[in-house]
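Engineer: I have a structure here, written as C-alpha cells, and I will follow up with some questions on it.
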Amino acid sequence: MAAAVTVEEVRRAQRAEGPATVLAIGTATPANCVYQADYPDYYFRITKSEHMVELKEKFKRMCDKSQIRKRYMHLTEEILQENPNMCAYMAPSLDARQDIVVVEVPKLGKAAAQKAIKEWGQPRSRITHLVFCTTSGVDMPGADYQLAKMLGLRPNVNRLMMYQQGCFAGGTVLRVAKDLAENNRGARVLAVCSEITAVTFRGPSESHLDSMVGQALFGDGAAAVIVGSDPDEAVERPLFQMVSASQTILPDSEGAIDGHLREVGLTFHLLKDVPGLISKNIERALGDAFTPLGISDWNSIFWVAHPGGPAILDQVEAKVGLDKERMRATRHVLSEYGNMSSACVLFILDEMRKRSAEDGHATTGEGMDWGVLFGFGPGLTVETVVLHSVPITAGAAA
C-alpha cells in the first residue's frame, strides 16, 4: 500500500512559489463631479446654512488649502433635497443613508472590478477569492456577496468582507490579498475597495470643525485589483510584486482619528496633530520595511501614500527629505479625486503605472525598482507594503 501523504507535502503543494503580484487594476467613480472652487457655496446652500457667514469663510479656507481640484459624489442636489435630514448637522438619518449605500457601494465596486477583470483578460471563473472593503454602511449578507452575484462569480468563491476599517484599509486589502495568493497555489484574488460619502455627509457646525474637514476632503470612488502569484506571462501581465506587508498602531495616537456609526450616520472626529503623529513615526516604518533590503535612501524608491490631506503629505516629505516628484502620483489623485478613504492607494498605483509608461520610464515604478505603499487611518494605524516594480515592455502603456 502506498504511503500516506504527509502534512508537510500537502502544505508544499498548496503554497505558491513566487510573491503575490498585482495583475490588473480598475477604478470607477460616480458620474457627479464636484469642483472644489464651487463647493463652499453649494454646501452651505444645500444644507440651508448660508446664514453662518463666518463658518462659511472658514470652510472656504479649508477647501482652498485642500489641494483638491475636484471630487466625485453619488449624492446629487436632487438626492439631498429628497433627504433633508442628511443635510442637517445631527439629525437621525441612518436608514436613508443605508438605503443608498447598500445598493451603491457594490454597484460602484462592480464598475471598478469589471475594468480590472477586462485588463486581466482571464475568465471570471478563475477568480478564487474575493476581498471587499468599505467604510460606507453595513449589511448582511455583505457587499462581498452582492458583488459576487453581480459579477457572476462562482458560488464557491472564498469571500472576505471588511467593514468600517477607514483610510488605512487599501493597504490592508493588499496585505490580505498577498497572503491569500501566496498560500493558495493558483489563487486569483479580486480585491475591491468601494467608498461613498453618503454615510458621512452632514451640515456644518461651529462646535465640530473636524467634521467639516471631512466635508472638505472626502470623495467617492472604487478601485479593484487582481492579485495572484506565479503569473502565466503568456496571458497575464504583472504590474507590481508585493514583497512584504505589515500593520502597526502608532504610539500615543489613540483617539487621533475616530469614526462612530450612529443614528445620524457615520460621525468623524479628528485631532489636529494627525500629520505630526504620522511624520514622527514614518522613518521607523520605513526602516523596519527596508533595512532588511539594504535600502535607506527614501528618494531611491517610488511612493504611494494615502493622501489623507495635504498636511500629512507635506510633513512626511519634510521629515524624510523627499524630492517633490516622489509624491507626484499621490498628489495627483488627491487633486483629481479627493480623499476616497481605502480606495486612494489603489488609484495611485493605477496612476503610477500609467504615468510611468506614458513618460517612457523603464519600470512601472517611475523607473525605480523598489517602492512603498502606505495606508494611514483610525488607530492611528499604518499599513506598510513593500513593492517591486516590473519592467515596462513595448505596448504596456495601452
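Sequential numbering from 1, following the chain as shown.
From the backbone N, Cα and C atoms, a Cβ is placed for every residue, glycine too.
What you see is a predicted model, and the numbers here were worked out from it, not measured in a lab.
According to Swiss-Prot, the record shows the following:
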- Cys167: active site, acyl-thioester intermediate (ACT_SITE)
- Lys58, Phe59, Lys60, Arg61, Met62, Cys63, Asp64, Lys65, Ala311: CoA binding site (BINDING)
- Thr200, Gly219, Asp220: substrate binding site (BINDING)
Engineer: Could you round the CA separation between Thr200 (substrate binding site) and the residue listed as 'active site, acyl-thioester intermediate' to a whole angstrom and send it over?
Structural biologist: 13
Engineer: For the recorded substrate site formed by Thr200, Gly219, Asp220, name the remaining residues of the chain with Cβ within 8 Å of the site's Cβ center, in chain order.
Structural biologist: Arg71, Tyr72, Met73, His74, Glu195, Ile196, Thr197, Ala198, Phe201, Phe218, Gly221, Gly338, Asn339, Met340, Ser341
Engineer: If you measure from the Cα of Ala311 (CoA binding site), which of the recorded positions Cys167, Gly219, Asp220 is the nearest?
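Structural biologist: Nearest listed residue in space: Cys167.
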Engineer: Under 8 Å Cβ-Cβ from Gly219 (substrate binding site), six or more apart in the same chain: what's there?
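Structural biologist: Counting only residues 6 or more apart in sequence, the Cβ neighbours of Gly219 (substrate binding site) under 8 Å are Thr29, Val34, Ile68, Arg71, Tyr72, Met73, Thr197, Tyr337, Gly338, Asn339, Met340.
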Engineer: Taking the Cα atoms as reference points, how far is Lys58 (CoA binding site) from Asp220 (substrate binding site) in Å?
Structural biologist: 23
Engineer: Over all pairs in Lys58, Phe59, Lys60, Arg61, Met62, Cys63, Asp64, Lys65, Ala311, the listed CoA binding residues, work out the largest Cα-Cα distance in Å.
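Structural biologist: Pairwise Cα check on Lys58, Phe59, Lys60, Arg61, Met62, Cys63, Asp64, Lys65, Ala311 gives a maximum of 17 Å.
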Engineer: With H, G and I counted as helix, E and B as strand and the rest as coil, say where DSSP puts Asp64 (CoA binding site).
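Structural biologist: Looking at the DSSP assignment, Asp64 (CoA binding site) belongs to a helix.
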Engineer: Determine, to the nearest whole angstrom, how far the Cα atom of Asp220 (substrate binding site) is from the Cα atom of Lys60 (CoA binding site).
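Structural biologist: Rounded to the nearest whole number, the Cα-Cα distance is 20 Å.
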